[in-house]
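Comments concern the structure below.
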């Protein structure tokens, strides 16, 4: 049965869904006037300390934040829907493009081992996401989980990267859709784009990408269950194409093509693993659908772990097929499967492969529109971005505003930009969030956050934090041991990037990682156990997830980190100027949608708003005076 709100409906619930007034975007007292905003800016240092220490709770994420959407998302999804969402979100064009590229350049026939290694790394992150999604089944995904365990600032960094990924990823897949459509009709990749005199990289307008985004977004806005049905059909077609590739490929396979198996040695296998890892991207979208899942504790583990296990097996088999159809030196980097089938007399099969890739990208866009909007919705519930984007439509039960935000931004970029410069940036941000998730899981299992933050920052926080059961000594140990795990993992990645053929450094760094992980297990008592489903072998699997994600980050090159640093700096500037003050007001009950006492005591909602704004503005001005 769908959740219903208790009590009398608020005035906001009776208002039209389509609202565009200032108070819908900036209802916080800090933005009530220029004088209030100046006072808020003056209080920035104190507010930053407050929010750096601030954290949410499971109960807040499941209760107060969800009510800010005014209407409930409909609980209509089952493990079957989530499983097919997993297929639709993950299996795109990556398997068809990356396999040939990396088999030819780095791994040779051992590309199979590259997929095994990257698949295991992805599964470690899937384990972490699954435990969080079962215990905190809300639309926010990693943003909500990090907000509970690592605090508001860490959650903002994740939120900013998630929104950036959503916009850039949508645009990139949509432009790739146009390229594959051109190949399907025997045209060059850019044949369907409009050539202009704009700067290089922005001179090919892609109206088809805009149309594809518009269509998939419209489907996602109408109904989550309807989107599931469309995804099921499209993903089933894609699975049939993959089955054809596997069966037809094995009919023309030769075991002699597997020799030499590892022409570039172990370094080549891991270089390829760092690249093909991104063929597994998209599974985190499934966690955002927990709020619409009928039985999260059962359906999420079945849907998420089940789909990713099958996908890993499919990828490995497809890589093996390609390696056995022809020598690795003959594999085409750009159209590996099409050329492989042409070389064995099945030239027509290139159209089947192109159709499969096209179907895959369509479902990636479809499920992406669904999952990314739910990330954005929950981020807006926290007021990091304007809360109007948190609203759920009363008829469709979907976050229409949030879906449109990502779609319009993605369409604008997809129309103009080739996105070559930003592709590696997405890889860094994805791996960074996965690393933070594994860290957050260790914090959740071994220490309550109030004690954890007090140890890290040497700062006494307010009484609104949950009192922990972890002693200062144990919290200090966890901080130190986490530093050892993260530091040694980063050292392994750096050493690999500098001298992959050498092994002496690993004799120090690997034992250091083992010692840090073992120390957590032996020296820090567990503070809580999972209620329903939990990651096995804690702390080893989360610690290994930290190591593998940092290892893969280290293979992306310096330019990717420079761009990531620049984008993060811009995001933090927005946080200091806008997000910090909005979330501060909300955390301290200065906004009417979270200050229930004001609502209850006021004669009507408008009076409540006036009282809340006056009180909060005075508080802001007092804080500014103290600073």
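Here, residue 1 is simply the first one shown, and the rest follow in order.
Using N, Cα and C of the backbone, Cβ positions are placed for all residues, glycine too.
Look at TrEMBL and you will find 533-582 tagged as domain 'Cationic amino acid transporter C-terminal'.
Residues or ranges marked as transmembrane segment in TrEMBL: 110-132 (among others). Counting same-chain residues at least six beyond the ends of the transmembrane segment (110-132), those with a Cβ under 8 angstroms from any Cβ of the stretch are 99, 102-103, 141-142, 145, 261-262, 268-270, 272-274, 276-277, 279-280, 283-284, 286-287, 300-301, 304-305, 308-309, 311-312, 315-316, 319-320, 322-323, 328, 434, 437-438, 440-441, 444, 530, 533-536, 541-542, 544-545, 548-549, 552.
If you look up TrEMBL, you'll see 153-177 (among others) marked as transmembrane segment.
The annotation transmembrane segment is assigned in TrEMBL to 207-224 (among others). Here the transmembrane segment (207-224) has Cβ contacts under 8 Å with residues 73-74, 76-77, 170-171, 174-175, 177-178, 181, 192-194, 230, 289, 292, 362, 365-366, 369-370, 373, 393, 396-398, 400, 403-404, 406-407, 410-411, 414-415 of the same chain, all six or more residues outside its ends.
As annotated by TrEMBL, transmembrane segment applies to 231-253 (among others).
Remote same-chain partners of the transmembrane segment (265-283), defined as residues 6 or more beyond its termini with a Cβ less than 8 Å from a stretch Cβ, comprise 86, 89-90, 92, 94-95, 98-99, 101-103, 105-108, 110-111, 113-115, 117-119, 121-122, 125-126, 129, 304, 307-308, 311-312, 315, 364, 367-368, 371, 427, 430, 496, 500-501, 551-552, 555-556. Feature annotation from TrEMBL assigns transmembrane segment to 265-283 (among others).
Among the features that TrEMBL reports, transmembrane segment is placed at 304-328 (among others).
Among residues of the same chain six or more beyond the transmembrane segment (348-371), those with a C-beta under 8 A of the stretch's C-beta atoms are 85, 87-93, 95-97, 141, 166, 169-170, 173-174, 176-177, 180-181, 183-184, 212-213, 216-217, 219-221, 224, 227, 230-231, 234-235, 237-238, 241-242, 244-245, 248, 282, 284-286, 288-289, 335, 337-339, 341-342, 403, 406-407. Positions annotated as transmembrane segment by TrEMBL: 348-371 (among others).
If you look at the transmembrane segment (400-419), the same-chain residues 6 or more away from its ends with a CB under 8 A from one of its CBs are 17, 163, 166-172, 174-175, 198, 201-202, 204-207, 209-210, 213-214, 217, 220-221, 369, 372-374, 376-377, 380, 388-391, 393. According to TrEMBL, the transmembrane segment annotation covers 400-419 (among others).
Tertiary neighbourhood of the transmembrane segment (478-497): same-chain residues 270, 439, 442-443, 446-447, 452, 455-456, 470, 505-506, 509-510, 512-513, 515-517, 519-520, 523-524, 543, 546-547, 550-555, selected by CB-CB distance under 8 Å and a gap of 6+ residues from either end. Taken from TrEMBL, the feature transmembrane segment applies to 478-497 (among others).
For 503-524 (among others), the entry in TrEMBL reads transmembrane segment.
As annotated by TrEMBL, transmembrane segment applies to 536-554 (among others).
According to TrEMBL, the transmembrane segment annotation covers 560-578 (among others).
Packing against the transmembrane segment (503-524) from elsewhere in the chain are residues 442, 446-447, 474, 477-478, 481-482, 484-485, 487-489, 491-492, 495, 539-540, 543, 547: each is 6 or more residues past its ends and has a CB under 8 Å from a CB in it. In this model, the domain 'Cationic amino acid transporter C-terminal' (533-582) carries an average pLDDT of 88.
Within its own chain, the transmembrane segment (153-177) has Cβ neighbours under 8 Å at 48, 51-52, 92-93, 141-144, 146-147, 206, 208-210, 212-213, 358, 361-362, 364-365, 368-369, 372, 375-376, 379, 382, 384-385, 406-407, 409-411, 413-414, 417-419, 422-423, 425-426, 429-430, 432-433, 436, 567-568, 571-572, 574-575, 579, 583, counting only residues six or more beyond its boundaries. Each residue in the domain 'Cationic amino acid transporter C-terminal' (533-582) gets a DSSP state, and the totals come to 39 helix, 0 strand, 11 coil.
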